[in-house]
Amino acid sequence: MVNVVLGSQWGDEGKGKLVDLLVGKYDIVARCAGGNNAGHTIVVDGVKYDFHMLPSGLVNPNCQNLLGNGVVIHVPSFFKELETLEAKGLKNARSRLFVSSRAHLVFDFHQVTDKLRELELSGRSKDGKNIGTTGKGIGPTYSTKASRSGLRVHHLVNDQPGAWEEFVARYKRLLETRRQRYGDFEYDFEAKLAEYKKLREQLKPFVVDSVVFMHNAIEAKKKILVEGANALMLDIDFGTYPYVTSSNTGIGGVLTGLGIPPRTIDEIYGVVKAYTTRVGEGPFPTEQLNENGEKLQTIGAEFGVTTGRKRRCGWLDLVVLKYSTLINGYTSLNITKLDVLDTFKEIPVGISYSIQGKKLDLFPEDLNILGKVEVEYKVLPGWDQDITKITKYEDLPENAKKYLKYIEDFVGVPVEWVGTGPARESMLHKEIK
């Protein structure tokens with residue numbers, strides 16, 4: 001059994017909390033894409049664990065965790081995150097963590113060129129805006145992967161005669177091509193090389209053939225949960241390109257990032273924030289550049305876990321959610337942070353786009369169009385009630401249930417979980433048929 005948790009908007013929907021809720025039922029949690037450019041916090045017994053690259057399944061002492069071939073790995077950050085989690089009391093994490101031998105490596109010079117590229121792009125753009133990269137080197141690493149010049153985990157840990165020398169030569173060549181492109185930026189190659197010589201020995205025990213790992217688990221009928229990174233609207237193909245990440249963050253990325261066939265997928269859980277946020281630049285049709293946006297930002301504590309950047313806030317965009325549903329095929333939804341809307345008397349939701357008076361049939365691929373659309377809103381009544389202490393779905397205010405029902409009816413997917421507060425137990429389950 002393979003079930004998948006995916007973000008349906010622009011990220012930061014609260015995927016980690018749902019994964020945390022579910023991991024007790026699973027034998028394996030796997031990540032399939034991205035790197036340490038995303039982040040979420042899980043609270044267990046009053047202890048906060050910040051995850052960026054590593055799977056959230058580490059909070060379950062009986063769960064194995066895999067970084068698949070689609071993930072890009074900055075090895076120093078891998079160990080730093082692991083050590084930070086261990087220092088907070090995470091038990092036997094090292095024996096439960098595995099890394100695909102096919103995953104690509106992120107080097108520090110990828111991070112340097114990430115920022116240089118961002119400056120270059122902002123200088124070229126008409127409005128001076130940049131993509132809003134986290135600066136973690138993710139984009140440049142996927143770029144070297146696509147150009148077939150990147151280095152993978154197996155290149156680093158290979159013990160065969162001459163393998164280390166080949167790694168050094170390829171590493172140096174990769175650095176030189178970056179310097180040819182971006183100038184002679186500061187980078188101590190010899191010091192980094194010495195660091196990686198130590199790290200390769202530390203990394204070896206974690207490395208597995210992830211294809212064999214996954215297929216053996218599937219054959220053994222293990223329960224597997226795939227933890228998606230980022231979200232559909234940041235997908236390299238289906239997101240608001242070019243204001244996207246560099247990987248496939250939808251259901252397609254699950255298959256290619258773990259090497260599993262489509263028929264192995266059972267349930268696909270779409271995580272949806274009860275309003276909409278995004279970090280960085282790019283079109284955002286329902287954004288509220290007013291007191292409503294500020295109120296959502298303040299009550300929702302909308303700051304990025306990885307970057308600390310303030311998130312842009314707006315009303316729930318059902319055009320986005322319907323588009324996301326078409327691509328990912330969600331079998332049920334998790335609506336998060338519903339409590340943030342508690343004090344709003346009226347709650348608009350975006351239900352259609354039009355441009356120059358003409359209604360659009362679907363979410364547009366052209367950002368020149370998307371940036372000019374007018375949003376039609378359906379205004380729903382608020383519930384003006386604190387829902388953070390409610391423990392059963394049935395006890396939610398009627399208007400809160402109507403809000404959720406409107407979402408269900410619009411996208412044609414049932415709501416199965418509802419987040420009503422930051423605590424681990426603040427997640428209501430709704431039976432679905």
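Backbone N, Cα and C atoms are what each Cβ position is placed from, and that goes for glycine too.
Since we're looking at a predicted model, the values are computed, not measured.
Features reported for this protein in Swiss-Prot:
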ACT_SITE  Asp12  active site, proton acceptor
ACT_SITE  His40  active site, proton donor
BINDING   11-17, 39-41, Arg311, 337-339, 419-421  GTP binding site
BINDING   Asp12, Glu13, Gly14, Lys15, Asn37, Ala38, Gly39, His40, Thr134, Arg148, Asn230, Thr245, Arg309  IMP binding site
BINDING   Asp12, Gly39  Mg(2+) binding site
BINDING   Val305, Thr306, Thr307, Gly308, Arg309, Lys310, Arg311  substrate binding site
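Known features from Swiss-Prot, placed on the structure.
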| residue | record | DSSP class |
| --- | --- | --- |
| Gly11 | GTP binding site | coil |
| Gly39 | IMP binding site | coil |
| Asn230 | IMP binding site | coil |
| Gly308 | substrate binding site | coil |
| Leu338 | GTP binding site | helix |
Expressed to the nearest Å, what is the distance separating Asp12 (active site, proton acceptor) and Gly39 (IMP binding site) at their Cα atoms?
8
Name, in the order they occur in the sequence, the residues of the same chain whose CB lies under 8 A from the CB of Arg311 (substrate binding site) and which sit 6 or more residues away.
Asp12, Thr277, Arg278, Val279, Gln297, Glu302, Phe303, Gly304
As a whole number of Å, the Cα atom of Asn37 (IMP binding site) is distant from the Cα atom of Thr420 (GTP binding site) by 26
Using CB atoms and a 10 A radius, I'd like the single residue among the recorded positions Lys17, His40, Lys310 with the highest neighbour count.
Lys17
Quick one: pull the CA-CA distance for Lys17 (GTP binding site) versus the residue listed as 'active site, proton donor', whole Å only.
8
Can you tell me the CA-to-CA distance separating Lys310 (substrate binding site) and Gly14 (GTP binding site), as a whole number of Å?
16
Give me the CA-CA distance between Thr41 (GTP binding site) and Asn230 (IMP binding site), in Å, as a whole number.
14
Taking DSSP three-state, what's Thr420 (GTP binding site) in: helix, strand or coil?
coil
